[in-house]
Amino acid sequence: MSRKMLIDGEVNNSTEEDTEQYDYDLFVIGAGSGGVRASRTSAGFGAKVAICELPFHPISSEVIGGVGGTCVIRGCVPKKILVYGASFSGEFEDARNYGWELNEKVDFNWKKLLQNKTQEIVRLNGIYKRLLSNAGVKMFEGEGKVVGPHEVELTQIDGTKLHFSAKHILVATGSRAQRPNIPGKELGITSDEALSLDELPKRVVILGGGYIAVEFASIWRGMGSTVDLFFRKELPLRLGFDDEMREIVAQNLEGRGIKLHPGKNLTQLIKTEDGIKVLTDHGEELIADVVLFATGRAPNTKRVNLEAVGVELDCSGAVKVDEYSRTNIPSIWAVGDVTNRINLTPVALMEGTCFSKTVFGGQPSKPDYRDVPCAVFCIPPLSVVGLGEQEAVEQAKGDTLIFTSTFNPMKNTISGRKEKTMMKLVVDAETDKVLGASMCGPDAAEIMQGIAVALKCGATKAQFDSTVGIHPSAAEEFVTMRSVTRRVPAGGKPKTNL
C-alpha cells in the first residue's frame with residue numbers, strides 16, 4: 001500500500017518497502033486525547049501504528065496513568081461531573097420560589113457521587129481502548145521512553161523491557177500537576193487527589209487563581225464546604241482573560257459564599273490535631289481539612305529520555321516543536337500539553353489530527369490556534385473566544401468598539417438569586433469584524449461554541465445584528481447589542497476594574 005509522508009517539509013511518496021526495516025510506521029508514547037486521536041487517524045491512512053500507556057488509576061504518578069489520559073480520567077470529564085453535582089444545591093435554593101416545597105435539610109452523599117464518577121471514567125477508559133483496537137492500533141501497557149531517533153523502549157508491568165523500531169515516534173505524554181515548594185507541601189493535594197477524596201472536606205483552602213482553582217472552589221462550596229481561595233493577582237484567572245469578565249467571576253464566586261484572598265500566598269502547612277494549619281505571607285492562620293494546590297502543571301517529559309537522544313526542550317521541560325508539531329529530530333514529533341502551546345483537550349485533538357494528515361495523509365496541515373474557544377466551569381461558568389478587550393486594544397491599529405450587556409437572567413427574576421449574567425463583544429471599528437466574545441452566566445459554554453463558529457468564519461457585527469434571536473433566551477443578547485458601550489482608540493486604555 002502506498003502512503004504519503006512529510007519528508008523534510010515536503011510530501012513524498014513512500015511504499016511499504018521503505019518501512020520494512022521498522023516494526024511500525026508510528027509508535028505513540030501516551031494514550032491521552034492527542035495520542036489516541038493521532039493513532040486512530042494515522043491508522044486510518046494505512047499506517048501500522050502502536051501506542052503505549054501506563055496502567056490505569058484515577059490518581060496519576062510517574063508510573064500510573066491510563067488510556068484516555070488526564071482529561072478523561074482525572075481532568076475535564078470527572079471535574080464536570082462534580083460541577084453538575086455541586087450545581088444542584090443552587091437549583092434547590094432556586095426551586096422554592098418556583099413552588100417546590102423542599103425539606104429544610106437536603107442530604108448530600110459524597111461517596112455515592114464519587115462511586116458513580118469512578119464507574120463512568122472506568123467505562124470511558126474501556127471505550128478508548130476499544131476505539132484503538134477497532135482502528136487497528138496495537139496497544140501496549142507500560143512505560144515508554146525514546147532511546148533513539150527510531151527506537152522506543154517499553155517497560156512492562158512485570159519489569160521486562162521490549163524494544164520497537166518506528167519510522168516516526170510521537171510523544172503525547174501530557175502534563176502533571178505541580179506543588180509549590182513550601183514547608184509542609186506534602187500535606188497538600190493536587191487536582192488528581194481532589195477528584196478522589198474518601199471524605200468530603202468541611203474546610204477547604206485553595207492556592208491558585210486559574211481554571212482548576214476557581215472550578216474546585218465552586219464544586220466544594222456547592223457541596224457545602226467553607227472555601228478560602230488565595231491567589232497572587234488582584235483577580236482570579238490568568239491575564240489574557242478579559243479583565244471585566246474576571247471581575248464578574250470574582251463577584252459571582254463571592255456571591256456564592258467563597259472567601260477570596262487576592263494578592264496573598266501560602267507560606268507553610270503544619271499538621272495539627274484539628275486539621276492542617278495554613279500560614280500566609282500576610283501573617284494569617286487558618287485551619288483546613290484539605291489544602292488544594294492549583295498552581296499549574298508541568299510538561300510530562302522527565303522520564304521520556306528525550307534530551308538523551310537530542311530532542312530540544314524549553315526551560316519548562318516542554319518539547320520544542322515547529323508549526324507541524326515536529327521536533328528538531330526529524331523522526332520525532334510531539335502534540336498536546338507536553339508541548340505547552342494551548343493546553344486544552346480539543347487543541348490536542350486538533351494537533352493529533354494535523355499530525356496524521358501531515359505525516360500519513362499527504363496533506364501537510366498546521367494546527368490553527370486562532371479563535372480557540374474555551375470555558376471555565378466555575379458556577380456560573382465563563383466562556384470566551386477570540387480576543388479580550390485588553391488584547392484587542394494592544395493589537396489594534398485603529399479604534400476598538402466594545403459592546404456589553406449585563407442583565408438579570410430570567411430564571412433569577414423568580415428565584416430571587418442576585419447574580420448577573422454578562423456578555424461582551426469586541427469589534428474592530430474599521431472593518432466591523434468581531435474580534436472576540438465573552439460570556440459569564442448559565443450555559444455560557446454551550447452558547448459560546450456557536451459564537452466560535454461565527455468568529456471562525458470572520459463574522460462582522462452587522463451580521464450579528466442581522467441575525468434573528470431566539471426568544472426568550474440569554475443567547476439572543478449576542479444579536480441584540482446595538483449600542484456601543486465604549487470606543488477605545490489605538491494605544492488607549494481599555495476598561496478595567498483593577
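Cβ atoms are placed via backbone N, Cα and C, with glycine included.
Just so you know, the Cβ of HIS471 (active site, proton acceptor) picks up 8 other Cβ atoms within 10 Å once every protein chain is counted. The annotation active site, proton acceptor is assigned in TrEMBL to HIS471.
Counting every protein chain shown, the number of other Cβ atoms lying within 10 Å of the Cβ of SER175 (FAD binding site) is 23. Positions annotated as FAD binding site by TrEMBL: LYS80, GLY144, THR173, GLY174, SER175, ASP337.
The Cβ of ILE212 (NAD(+) binding site) lies under 8 Å from the Cβ of SER191, ALA294, each on the same chain and at least six residues away in sequence. Under the heading NAD(+) binding site, TrEMBL lists GLY208, GLY209, GLY210, TYR211, ILE212, ALA213, VAL214, GLU215, GLY296.
Per TrEMBL, disulfide bond is recorded for CYS71-CYS76. The number of other CB atoms found within 10 A of the CB of CYS71 (disulfide bond), across every protein chain shown, is 23.
The domain 'FAD/NAD(P)-binding' annotation in TrEMBL covers 24-352.
TrEMBL lists 372-481 with the feature domain 'Pyridine nucleotide-disulphide oxidoreductase dimerisation'. Taken through DSSP, the domain 'Pyridine nucleotide-disulphide oxidoreductase dimerisation' (372-481) splits into 36 helix, 33 strand, 41 coil.
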### Query
Which of GLY174, GLY208, GLY210 (the binding-site residues) has the most other Cβ atoms within 10 Å?
GLY174
### Task
Select the closest residue to CYS71 (disulfide bond) from the following binding-site residues, measuring between CA atoms: GLY144, GLY174, GLY296.
GLY174
### Message
I need the nearest neighbour of CYS76 (disulfide bond) among the recorded positions GLY144, GLY174, HIS471, using C-alpha distances.
### Response
GLY174
### Message
I'd like to confirm something. Which of the recorded positions, GLY208, GLY210, GLY296, HIS471, has a Cα closest to the Cα of GLY174 (FAD binding site)?
### Response
GLY296
### Query
How many Å lie between the Cα of ASP337 (FAD binding site) and the Cα of VAL214 (NAD(+) binding site)?
21
### Task
May I ask which of the recorded positions GLY210, GLY296, HIS471 is closest to GLY144 (FAD binding site) if we compare their C-alpha atoms?
GLY296
